[in-house]
Each structure stands twice: as C-alpha cells, then as structure tokens.
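Novice: Structure below; questions to follow.
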Amino acid sequence: MAVDTEPGEHPDETEDTGDIAERPEPAGPVEPEPVAAVFTRGRVIAFVVALVVLAGVGVGYTLHAVKREDDKRYGGSGTAPGAAPLTLAGPRRLLFRSTESGPGYGHLATVAAADPGGARQVGDRTCDRVYAANGTALCLTVERGVIARNYALILDGTLHEVRRIELSGTPNRARLSASGRMASWTVFVYGDSYAASSFSTRTSILDTRTGDLVESLEDFAVTRDGKDVRTPDRNFWGVTFAADDNTFYATMSTANPTRTYLVRGDLKARSAVVLRDNVECPSLSPDGTRLVFKKKVSDDPRKPWRLNVLDLASGQETPLAETRSVDDQAIWLDDAAVAYDLPTGSGAGSDVWSVPADGGGAPTRLIAGAFSPAPLR
Amino acid sequence: MYLSSSRSQDTATGIGRTGPRTGAAITGNVIALGLVSLVTDISSEMVTAVMPVYLVAGLGLSILQFGFLDGLYSGVTVFLRLAGGHIADRFAARKTVAATGYGLSAVSKLGFPAVGASVPGIGTLLAVDRAGKGLRTAPRDALISLSSTPEAQGRAFGVHRALDTVGAFTGPLIAFMILSAVATAYDAVFVVSFCVGMVGLLMMVLFVRDRPTPAGESARTAASWRAGARLLRDAPFRRLCLCAALLGVATVSDAFVYLVLQRKLDIAAHWFPLLPLGTTGTYLLLAIPAGRLADRWGRRRMFLAGHAALGGVYMLLAGPFDGLALLVPTLMLHGVFYAMTDGVLMAAAGAGLPPALRTSGLAVLQTGQAAGRFVSSVAFGAAWTRWGPERAVVWSGAALACAVAVSLVVMGGARLRGR
C-alpha cells in the first residue's frame, strides 16, 4: 500500500560512492544544514487518500466484527430467559452458564440432572463463571465498559445478590464448600512481576457467614516435607473444600523451578502442606475420598493436561477416559462421574462433558452450549 | 489539523536555517517524526492495553508458562538495535531502516487474529513487534538529531517526545473504547491497530526526509564497524554511555513504581491501568520546556538533575505519606524525571556525534541504558520478593545516590556545561 501511493523520487538521496574519507568526522559542531521534511502537494494528496482508505478499513472491520460477535452469541435460536424466575431450590438439576447462541447467551440456566440433554430453563442473571451449593451461588462477572470491572457476587437461593467483592483480575475459577458457607475464587493478575508480559494468579477465600476474607493464599505459611516453602513467587489456584469448612485442597505453583503441587490447607491456622507434585485444579468427591484434577502430561501448549483421579488414602492416580486436554476445575456429578467443559471448537460456545471417575467408560456430551457446570443437589 | 500545522512548521524551517542564533526553530522533519511516533504509539498502546485480557481469554491457565520468553526477546532487541544502527549509518539509510521497523511492528498486529491461541505464534509476533521497535528507535532519533541545529537539539527532542507521549496517552483510551463497543472481538482492535500503524508508516515514507550524504563523503567507509567502535574512544561520549548505563541500573522500572503505589494506596484494580497516565501527562506538558531549558543550561547537567526527581519519587514511595499527598506528587515527579532525562539524553549525545555515525552512536547509548534498566528490573524484582517493596525502594534510592555521585565525578563538573 505504501509503495503504490508514493509519488516522486528523492532527488537528494543519491548515495555518494565516490572518494573515500579516511576517518569519521571529528566530533563537534561541524554540523551540516538540518534536514527539512518533504510536504509536496502530490505526497499530501497521496497521504490523504491512503488515510481515507485505512480509516474505511478500520471502521468497516470494526463494524463487521461487532456484527459477527453479536450473531455468534445472540443470533441463534437458543432458549430465551423465561418468565419463571430461576432458583437454586427444587429437584436435582445442573446449573451452568448458557453458551447457546441466542437471547440467553451468557445467562445462568439449569437442566434436569436426569435429562441433561433436555430443555433448559434460562434465568435473567449473567455470569462468566458460576458455582452453587446448598442454596448459595457464587457468580464471577465482568462488567464491561471503557474500563472493565470484575466482581465476585454471592447470590441467595433466588439468585439475588447478597454480597459483592471487586476482583483484582480476570475471573478464572469459582468454588463453594458443600455447605455453601465457604467461597473461593481465582483470578488472573497481569504484570505482577518484572517481566512485562508475565501473569500470575490470585486466589481468595471468603467466609460468607462471618464476612472474613482471605485476599490471597500467598500469605499462608506453606511447608513441604516439614520445611517452610519460602519461595516468594508462589501462585495458587483452584480451591476445593472439605466437609468441615476449614480444610481445603488447592494448586500451588512455583516459578523456579516451574512446578505445580497439590497442597492441603488449614484455613483457621492460615497454613498449608504440600502433598504431591503435578496436580492442578483439584476437586474433592462428595464422599471426600478422591480428587479429580488435571495433570500436566505434555509440553505441547495445545494439549498439556489429562484428567486424573487421585485416591487420597492410597495415593494412587487413575487417568480418566477423556483424552482431550481439559483446562477446567472438574465437578463431581455424584461419587461415580465427573463433568467439565470443553470449547465447542468454533464460535463462542462450549459444551459440558461427563466421564466415569474410575478410568473406564468413555466421555459423553452432557449439555451442548454450556459452561461452568455446578450440581444442584 | 495535521496538515496545516505541518505546513506552517515547514515554512518556519527557513527561519530556523537562517537564524540559528535565536535558535531554535523546529524543522518540519522533527514535527513529521513526532507525528509518526504519535500515531505509532497509538497503534502499539492499543495492543498493549488489550493483550493481557486477550491472552487470558485465548490461553487459559497455560499462560502461566508464558512469561519466561521475555528475556529471550530482550536479547534479540539489543542485537537488532545495534545492527540496525550500523546498517542505517553504513548505507546512509536511516529512513529506510526506521521505516522497516515501523512496518514490521504494523504488520505484526495483523498476525494476531491469524495465529489465534498458538503460544509459539503469539511469541513470534511479539518478537517481531519488538524487533521493529528495536530497529527503528536509533535511526529515528538520529533523524531528529540531524534535522535540528546543534543548539536546538534539546528542544527538537522535547517536541518529538511531547508528540510521542500524546500517542501513549490516547492509545489505551482508544483501545478500551473499541473494546467496550465490540466486547470480545479482539481482532477488531488488532486490525484497527494495524491501520493506525500503516498511517504512521506512510507518514514516515512520504514526509520524512533523510539527511543527504554530503558530496565527498562516503557513508560506507565512514561508518564501518571499526569507526563505530572508535566512537567509544571519544571520551565525552564514552562517559555519557557509562553514566546512562549506571543510572539505568538505579532506575526502577515504571511497572514497579505503579505496583508500589498500588500497594501503598490500596488502589482498586480497575484504576490501576490509569496510573501511567499521571506520569505521561506530566511528561507531555514538560517535555518541550525541559528540552529548551536543557539547551540553555547544559543537557548533561539537565540529565543528571532529572535523576533528583527520580530520587524524589523514591523518597515519596519510602516515606510516610498516604492518599493523594503520595499519589499526585509521585506521579508528577515521575513525569518530571522523564521530561528531564529521556529526550535530553539523546540531545546530549546527538550533537557531539559525527553525522555519519550518529545512528550507531545513539544505538550504543540506548543499548547501554536499556541494559542498565534490565539489570535494575531483575535486581528490584529479587529485592522485592526478598525484603518487600519498601526496602527495595530504599535500596534503589541508595543505588541512585551512588550512581549520581559517580556520574558527577565521571562527567566532571566543568564538562557538564558543555554540549
């Protein structure tokens, strides 16, 4: 484009290949005449024409992108938010964020646990990630605007907001204890380090009964084999709570060396111990005996993880039948099966899949057009 | 608006040429280069602003393994800066090398929608963008220097940096406005950034004129590698490079300054991206006056004195102040520091370097300063994690005091006034 519109030559820019100057000019005020710019009529016209073309391309593409995104999300014939309000009470269901293209995109929705492929009920509230337990929901949401603001919302059984906490980064993981009392979330924080394009995570735990907030698990004392882990560049993500509302499991990573660990934390004591290597996004089974987690199995950034189940008593790991790489904190549908989301492949959509927790069977698609599932028991 | 101001500036050039005593007219070339930087900065700041969200959305948790690629790119940039400076001098092709740099950065923006969520793809594009920046900086500064009289170097760089900063100011705002309109259609931001980058490139190609090689001078010979290396035998230039590197080691990177502020003030996360605007705004207002003052008062002296402002920033960060009494003066002094040092350093070196080697010289100087700042980042990061932000700032202040003291001795009191 630049070449086409450049008229004329640079008569001044001929290179002199003639005689040889033996040494560089001496430093000092031997200064040739300063150089002026070229503002010829032809060039100005060429520039204005190019400016108009480029402005047209920029504006046109932006309008196209807006329409494309709108169509992708809202253009389909997916279920619309219904007249009846969505609640957490009632028969066994699955709660999720609907990613079905249509008027309900991004809204919370439920399907019957017995018939997850059946009709969905879509509510009014929108969340980017959600979890629910025992009549309480945790909703991580991004309020877009000139500056995007991120919030964690605690919702009651009718999905009304009871508490709002501003987040310091982009939402990533959300989990509640089975009683619904303890809430935890993980966000991405950008630029916490000296290398300009570095990311870190920050994981918080909120006691919804007392309002006590642990802003970052990085403040907890962590021991490994009885010794303090002093590495300051620790990151935590993916908390899952035990039934006592005090014990939790989470991922801890260290940058040097680049490792991930499973830690078991004690909220009251503000401490944690390292249990083993290479465990990310653990999720505790309802009976409290096993963790489903993602294990790093490859350095290929397109498919680094494989879902595994860890038996806490024996320490035995069992790879699950899902061979695709899952970047999610899986949930337990019951003591025999787990569920997780995977991108649909194209568009803004994702599907919720399920696989048996014993390593057998095969993955099945549970809900099409759904993200961030949570069982309503 | 652009055209009329440029034209009037261009006609003013004649006055500048005939009256170098009063000084100091700014040639159309400097204005044009400033506008190129302004537009290019809008283009790159747009991408910088959305990159974190874009990477998180596309890569999920796997981005945690992303940061360490950074160090590698810095090495590539250093090499390209030196090589670009040499080539620009050797073939008297400052404009071509700079335009190549602007072009590389512009084209890299289009690559992002194409590579999607591929980590090696994104890494390559970030490297290409930085390569472009590494290539263009020294020849651009050499062009600014060559487009101005020796007496007006400080003012010329002041004008250029002021325009440049306008771009840094508006870029993120435009990006966030586009994003609020298109939600997650990041490709729109990249395409607009590409278009804006092309406008900058076109302005460079169409309106900026390189310095013609004077008759009887062969750039190719004058600008051999050996001649470039010989520059460092010139004592004032060598001392300036040494001091710039040394002071660079004691200069805490912007990101850390804002992080310390955020921690002390407990600033809500969504305001954090606005902190740099405080520095940029002050820099924008003071760049030209600081440049003029430097021309009169001595550029080296000004460059050193600017580090007193940085010392003030450290004192505020380590001191007992809180709230607006901390925030406002810190950001203002940070802007004063940039106004007194950034363009002023180039101006201090520019007029003393032989025209045929000016790009190489500026590239060496910038590399020295960048190396110093890289050391500073690593050291400050380590000090922060070990002792916490307050003590890290105190140590930086001590390092700065030493660096300034050494620089005073190295540059020498009398010499500070020269050039």
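Positions of Cβ are set from backbone N, Cα and C atoms, glycine also.
Automated prediction, rather than curation, is the source of TrEMBL annotations.
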Novice: Of the ranges B:78-98, B:162-182, which one does TrEMBL list as transmembrane segment?
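Specialist: The listed stretch tagged transmembrane segment in TrEMBL is B:162-182.
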Novice: Looking only at the recorded stretches B:240-261, B:267-290, B:302-321, which one has the largest tally of CB-CB distances under 8 Å to the transmembrane segment (B:162-182)?
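Specialist: By the under-8 Å Cβ criterion, the transmembrane segment (B:162-182) pairs most with B:267-290.
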Novice: Using a Cβ cut-off of under 8 Å, list the residues of the same chain at least 6 residues beyond the transmembrane segment (B:302-321) that approach it.
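Specialist: Contacts with the transmembrane segment (B:302-321): 154, 243, 247, 250-252, 257, 260-261, 264, 290, 293-294, 329-330, 333-334, 336-341, 344-345, 348, 389-390, 393-394, 396-397, 400-401, 403-404, 407-408, 411, 416.
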Novice: Please indicate, using numbers and ranges, the residues of the same chain that are 6 or more beyond the transmembrane segment (B:393-414) and have a C-beta under 8 Å from a C-beta there.
Specialist: 239-240, 242-243, 246-247, 249-252, 260, 300, 304, 307-308, 310-311, 314-315, 317-318, 376, 380, 383, 387
Novice: Report, as numbers and ranges, every residue of the chain located at least six residues beyond the transmembrane segment (B:267-290) whose Cβ falls under 8 Å of a Cβ in that stretch; write 'none' if there are none.
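Specialist: Non-local partners: 49, 154-155, 158-159, 161-162, 165-166, 168-169, 172, 254, 258, 261, 302, 306, 327-328, 331-332, 334-336, 338-340, 342-344.
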Novice: In the predicted model, what is the mean pLDDT computed over the domain 'Major facilitator superfamily (MFS) profile' (B:29-415)?
Specialist: 88
